[in-house]
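Data first, discussion second: the structure below is written as structure tokens.
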Amino acid sequence: LGTSVIQVTATDADDANYGNSAKVVYSILQGQPYFSVDPETGIIKTALPEMSRENREQYQVVIQAKDMGGQMGGLSGTTTVNITLTDVNNNPPRFPQSTYQFSSPESAPPGTPLGRIKANDPDVGENAEIEYSISNGDGSDVFDIITDKDTQEGIITVKKRLDFENKMLYTLRVEAINTHPDPRFLQLGPFKDTALVKISVEDTDEPPVFSRPSYLIEVDEDAKEGSIIGQVIAQDPDTTMNAIKYSVDRHTDLDRIFNIYSGNGSLFISKTLDREETPWHNITIIATEINNPKQSSQIPVFIRILDINDHAPEFAKYYETFVCENAKAGQLIQTVSAVDKDEPPRGHRFFFELVPEFAVHPNFSIVDNKDNTAGIITRRNGYSRSKTSTYLLPIIIFDNDYPIQSSTGTLTIQVCACDSRGNMQSCNAEALLLPAGLSTGALVAILLCIIILLVLVVLFMALKRQRKKEPLIISKDDIRDNIVTYNDEGGGEEDTQAFDIGTLRNPEAREESKMRRDVIPETIFQIRRTAPIWENIDIQDFIHRRLKENDLDPSAPPYDSLATYAYEGNDSIANSLSSLESLTTEGNQDYDYLSDWGPRFKKLADMYGGEDSD
């Protein structure tokens, strides 16, 4: 009430000498009873004690200015003033209802929104900003509420996993409070409000739940096949309590070393174990509801294989041990150590001693250093390679675990020649038999020379065997390597230049050898007389004689030339069928006799026996 809003001022053009004529008086024509104006100053003030922006925000006030002190006859002027009420935070938030109901399936994961609630605040801007929180209730640790800054709503979400079997209903007390209260209006009361939120949990078919998040099982590596090593337990969390079956995820147990009884979840061994090969096995067990196979869950099972003493200790490596010929008694020549694949809980402890047969060895002794090593000590002065070049020293190695395991390792000790400082020079006994003046380099050179001579002899013999005989004909015209094509065709029966056809037909007419007519002889050879050919000589004997004559004749064609003989034997009852003896006349001949020769000459008889045959 009486709060100044604005001042309006009016001016009069009349001179002040007019006195009261220039005096301006202000009055309000429109805007009552909300506002008033001071008649002399023109200041507009509020006329009501409690003006509410929420009821009315805009006002229009008309002010009149009149001269002559406002008397009758004075001149006046008016102006309009638009007044807007600004908001202040004088209203607390209020929930439209006192109780809200929501529901959620028990399978809802954390962060799932369940619903929205909103408290109304008639203020605007930052005066209407609200913050929501859970003040109390039995579900304050299971649910949460967050504020949506855009809509000024509270969003209720799931904070932890729900379990219908444990609790079916939750009650929350939600509070809404202004974030920017105005101290001038705090006396009006608390600027906040509360509401009751009830959340019911709905039952859903859940997968089986194991009694532990994971299982650790320890088993000795000597456990027998079929031995039960542990048990996993799972149950259906639903009220129906469905039966459960167990199985092993074979992707985590490819070798099928473990198995499980499907009814009670007992794990047992299917194959022998070996800690040295695989000390840990990580498998997965699956629990599935029998009535609803889609509901299943998995659990990791870590199986640790406990060590047992099933391996004997042995030498840590292969030792190349030697003793100098000039060694003294009590000299340390080698320190040996051992390893064991087992891992006893108290650590390794090894003992070394000679086998009972060599408990008192005349040449060497062993001293246990009490630190899993032992030293080999000489027992006499001087060793001779010529008498004994190598000593075999069997050593027994024990461990201290239960049951005690032992093994025997043989240490090979060579007798070597050493210099005065004990550095090895040679360990070969054969070196003693070599001449004193012959060095090792000379021996190597001699050996290389012998090897080179042997290689040369082998190469010479190989080349000699591979050497081939010189071919009989070395010529580009050798018909075995070249193909010669002749395009000239012979003259048939009329061609008598190359061979004497008559002589071939009648060997009795050949009285003497004639020179070849197919080539021009380079040298005139002595004509060789041949023996006369008797009558009725066998054709085979004739050919053999002619073959022998040609072989001995230096002017004869080469050995692979083709020679044609037109002479036919005298024993054929069909006489000669060659066209060489055919008559030169063109008279007809009778071939009917061919039909009497049998089926083999039927084709020939058909060709020549016809009346129209040529």
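Keep in mind that glycine also has a Cβ here, set from the backbone N, Cα and C atoms.
Annotation comment: TrEMBL describes 2-95, 96-210, 211-315, 315-432 as domain 'Cadherin'. Annotation comment: TrEMBL describes 87-106 as compositional bias 'Polar residues'. Look at TrEMBL and you will find 87-115 tagged as region 'Disordered'. Positions annotated as transmembrane segment by TrEMBL: 432-463.
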For the compositional bias 'Polar residues' (87-106), distant same-chain residues with Cβ under 8 A (at least six beyond the ends): 53-54, 112, 114-115, 117-125, 127, 130, 156, 158, 161-164, 174, 176-178, 180-182, 184-185, 188-204, 206
DSSP-derived helix, strand and coil totals, residue by residue, for the domain 'Cadherin' (315-432): 7 helix, 55 strand, 56 coil
Summary of DSSP states over the domain 'Cadherin' (96-210), given as helix, strand and coil counts: 10 helix, 56 strand, 49 coil
